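Just below is one structure, and these are the notes that go with it.
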Amino acid sequence: MFDPVALPLIFAALMGVSILLYVVLDGFDLGVGLLFPFADEGERDRMVASIGPFWDANETWLVLAIGILLVAFPVAHGDILTALYLPVAVMLIGLILRGVAFEFRAKAPLGHKRPWDAAFWAGSLMTALAQGFMLGMYVMGLEWTWAKVAFALGTAGALAVAYSFIGAGWVILKTDGVLQRKAVGWARGGIWGMVLGMGAVSVATPLVSARIFDKWFRFPEIVALAPLPLMSGLLVALLWLALRRLPTANDSFAWFPFAGAVVLMVLGFFGMAYSFYPYIVPEKLTIWQAAAATESLAIILVGTLVVLPMILGYTVLAYVIFRGKATKLSYD
Amino acid sequence: MDTLLLSRIQFAANISFHILFPTITIALGWVLLFFKLRFNRTGERKWMDLYLFWVKVFALSFAMGVVSGITMSFQFGTNWPGFMETVGNVAGPLLAYEVLTAFFLEAVFLGIMLFGASRVPGWLHTLATFLVAFGTTMSAFWILVLNSWMHTPAGHELRDGVVYAADWWAIIFNPSMPYRLTHMLLASGLTVAFLIAGLSAYRLLRGDRAAEVATGLRFGVILGAVLIPAQIVAGDMHGLNTLEHQPAKVAAMEGNWETQGNVPLLLFALPDEVARENRLELGIPSMASVILKHDPAGVVPGLDDFVAADGTVLHPPVAAVFWSFRVMVGIGVLMLLVSWGAAFLIWRRGVEGVPRPALMGLTAMSFAGWGATLAGWYTTEIGRQPWLVQGVLTVEQAVGDIASGMVATTLVAYLLVYAALLAAYVGVIFHLARKGGRYDAPVASPGMQPAE
Ligand code: HDD
Ligand code: HEM
Ligand code: HEM
């Protein structure tokens, strides 16, 4: 397990898992922020209460992902982040704004709440757009040409819509009454953006790289891979049907939009991972070329294997403790 | 300005902003645990009121610490790619352990600590409070291990210009780590002590007579009075350690140009890097020799020893280090006077008898810990120049190849955001103090209302 072939692979997998967890988990709380303008003040309090106990831990997966990139693939880290300098800065400022707006809105003097709500929304938007932009640039091989930037702007919008969709799914799950009905409406609006975005990335990736095209459209792989897009399509159809019926009288299936969005994101993620493997900087550096020294990776892995199950354990504990519908917190 | 200078300013701005908040949360976590345990023990309402007041400050500071910390971790890749490429094999595992053992722990249990009081049993809530305090201290530990290693590298070997870890024990317990960790933890304790004392004094000045205010004042003053002598001793030992491992830094701190005995302790001077001498010197004769060598005739290394034969200057910029050091020590001495003076007044006259000017003085010192902490970090970090990792990697070698315009734009954006947030933070803290003490809901058991 500690040899120079397996270790980088394990770390690439770990990084993948952290990115996936980040996109799903921070995705829903960013999405809640994106939906702020559509809610009134009381509803906003409740939406914030629904993500209050989680957002910090959700964001920590980003720190872990970037940490693994930093420590396990130091060379790639510099390449990727210097190429994405501007969007990274936009994302960081967005994360700063939303993270603190969240606290300030509850503690600021009366009457100062609205500007912080605006900051919360703007920060969420900046973060989502910047991440979508980075995704697009990554797919396009990290080159700054007009056409590629235009594509990345498209994925920026698409990811923001996708986050709002999963955010709406979260609100459906965690609330009831008028707010829940509203959230079903938001989800209906968002699902098309999500389909469009995933579609665009799936079509563009193979077109940009002959290698990736070949990986997907080669026999027999194409047969083995066919279930991925088919399942996604089926799931979208089911989601659409469900959203027309929700909310149900006894609140059954309130979990379905959120769960469906999670599965869609997971499927999309595996598609991407399959396309880019074994490269970490697209078409330039493989995970083995970019990996750090084996000794250092081994010492991290030992710790990770001990600590990661504990982290997952207490994360689940937190979700269990705060299960059920979010109640409006009293901000005195 | 070039990319190197701009990147340095940007890094300094980000870390200076970041460190303000961990400095508060590291010690405040333990203070909250103390309040909680006192309440569990005595059942007295004032302890819970103190807890409920300070947990808000904690939550706000924590959020500020988290978001600025995320900025920090991206900076390595965006601005200093050479850092990880050269010393990643040592820095990487240390940072990874920080994320794994500290960040997740804090983040998850913070949720339970802030919002879980009505949902979990009292013991679990107390445990969550403990784990959050423990987590913040762990993150301070790991990051200071790394920072100390950058000042006094040990336990590594160089192969083809890249650092490889040879002995993890030596890396973690590198020569300056124990001193830096102690000094920083004490700095955090002092910052919180003066913040609590200062805000309590402010509430007293405004006529807030809640029981918790008097207890808060007493608590803050005593904590400050106890920690400051320890800090002075720790700082002195830290300086002696630095003398051994980074003599150029100490020479700059003392503003001492020539290697000689009977070096005076300068209280004021204007170091002149061009003429390589001080102007307007005012000092206590031989005192620096006494402090550093415990002997008035003790020979102390001077800056002129750190100039290469061809005239290249190998020591850090003098004036910045010299003055940062004086600001820190000055605030330290002020803390000693104020906390002991206030403790004496409280002891003789009780909290109600503390005169208004003394309360105003304490209020003015609310954020004194920030000043000393920043000044201390500037001393340490600027004193390491031109090295990034002492003797291994210079700052210039590590900087990334980015257009300076881009760095300048983002720098301006960060500065604007930081200035606005800092103003909002201090404003909200005083706002909380003004309306503090009004927790109308009855507090029944160790389970409490959500702390929002
Ligand atoms: C993990 C590493 C690390 C840690 C924990 C810190 N620093 Fe640092 N610092 C650096 C790593 C570093 C660096 C990457 O090595 C820099 C960037 C450029 C340089 O000169 O060194 C640096 C520079 C640097 C500078 C600019 C010095 C100059 O360019 O002349 C300042 C003012 C600070 N730091 C301040 C701080 C503060 C206030 C810290 C307290 C939290 C701190 N640093 C912790
Ligand atoms: C280059 C240096 C640093 C980096 C890259 C860094 C990184 C980070 C990150 C990413 C977080 C957020 C973690 C989360 O998501 O919960 C954080 C928080 C924190 N950092 Fe730093 N940090 C640095 C310097 C420091 C220093 C010098 C200290 C203390 C001496 C410190 C103490 C803390 C603490 C206690 C927290 C928890 C949040 C809080 O209490 O405010 N950090 N840091
Ligand atoms: C009054 C007596 C004090 C002395 C003699 C003293 C001494 C020192 C010295 C010599 C350094 C530089 C370490 C190096 O060379 O790398 C330092 C750094 C520092 N000081 Fe102080 N200090 C004092 C008071 C304080 C106070 C009151 C605070 C904060 C409340 C503080 C906070 C810091 C911090 C945060 C650092 C940087 C981190 C480190 O290297 O430990 N100091 N101090």
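Glycine too: its Cβ is placed from the backbone N, Cα and C atoms.
Going by TrEMBL, these are the annotated features:
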type: TRANSMEM; residues: B:15-39; note: transmembrane segment
type: TRANSMEM; residues: B:51-74; note: transmembrane segment
type: TRANSMEM; residues: B:94-115; note: transmembrane segment
type: TRANSMEM; residues: B:127-150; note: transmembrane segment
type: TRANSMEM; residues: B:184-205; note: transmembrane segment
type: TRANSMEM; residues: B:217-234; note: transmembrane segment
type: TRANSMEM; residues: B:323-347; note: transmembrane segment
type: TRANSMEM; residues: B:359-378; note: transmembrane segment
type: TRANSMEM; residues: B:411-433; note: transmembrane segment
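Here the transmembrane segment (B:51-74) has long-range neighbours at 14-15, 17-18, 20-22, 24-25, 28-29, 31-32, 35-36, 39, 95, 106-107, 110, 113-114, 195-196, 212, 216, 414, 421, 425, 428-429, 432, 436-437, 439, 448-449, 451-452, meaning same-chain residues at least 6 beyond its ends whose C-beta is under 8 angstroms from one of its own. For the transmembrane segment (B:184-205), the most Cβ-contacting stretch among B:15-39, B:127-150, B:217-234, B:323-347, B:359-378 is B:359-378 (pairs under 8 Å). Within the chain, the transmembrane segment (B:359-378) has long-range Cβ neighbours (under 8 A, six or more residues past its boundaries) at 15-16, 19-20, 23, 183, 187-188, 190-195, 197-202, 204-205, 217, 221, 320-321, 324-325, 327-328, 331-332, 334-335, 338, 342, 426.
Within the chain carrying the transmembrane segment (B:15-39), a Cβ under 8 angstroms from the stretch's Cβ atoms is held by residues 47-48, 50-51, 54-55, 57-58, 61-62, 64-65, 68-69, 71-72, 125-126, 129-130, 132-137, 139-140, 185, 187-189, 191-193, 195-196, 223, 369-370, 373-374, 377, 418, 422, 446, all 6 or more beyond its ends.
Outside the transmembrane segment (B:323-347), and at least 6 residues removed from its termini, the chain residues within Cβ reach (under 8 Å) are 190, 193-194, 197, 217-218, 221-222, 224-225, 228-229, 231-232, 235, 253, 267, 353-355, 358, 361-362, 365, 368, 371-372, 375-376, 378-379, 382.
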